[in-house]
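Engineer: The structure follows.
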Amino acid sequence: MTPTEELNSLMNWMFSEGLLDQQFQQLQMLQDASNPDFVSEVITLFCKDSEIILAELTKLLNQPVVDFQKVDAYVHQLKGSSSSVGANNIKLACIHFRQFYEENNKEGCLSSLNAMEREYFRLKDKLGTMLQLEQRIQAYESNKHN
């Protein structure tokens, strides 16, 4: 299988699994020759921010008394950034999380946080593979033109 075929197969799988939605396709359309690393930069920033938010949520939920307003703010922030990059399953996990912090249900929040982290690391792994395949394709294309 060529790198292009691998990439197409991976992308189809990510969409069928709900890891990504049409918003990610919109993001890809913003990338062009003048900004060839746009998607990579957005993904890197999303991952960095998501890991900070997940760490903050973990800290908050491990406090003896949970500040559910702060939890709300972080989940809202993660939902927004997930929506903007097309990280569908993370966005859905944030929506599910909401019912628990609205009820001040710490155990439900911890369970939802675990689900959110699983979805995040699953997506991060596949996005990393996607970026590696794109780099291989770019290297191949530039070698063809030399």
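Note: Cβ is positioned from N, Cα and C throughout, glycine not excepted.
Heads up, TrEMBL stuff is auto-annotated, nobody curated it.
Below, the features straight out of TrEMBL:
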type	residues	note
DOMAIN	35-134	domain 'HPt'
MOD_RES	His76	phosphohistidine
Engineer: Let me know the DSSP-derived helix, strand or coil state of His76 (phosphohistidine), please.
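Structural biologist: The residue in question, His76 (phosphohistidine), is helix (DSSP, three-state).
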Engineer: Using DSSP, break the domain 'HPt' (35-134) down into helix, strand and coil residues and give each count.
Structural biologist: 86 helix, 1 strand, 13 coil
Engineer: List, in sequence order, the same-chain residues at least six positions removed whose CB sits under 8 Å from that of the residue listed as 'phosphohistidine'?
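Structural biologist: Listed in sequence order: Cys94.
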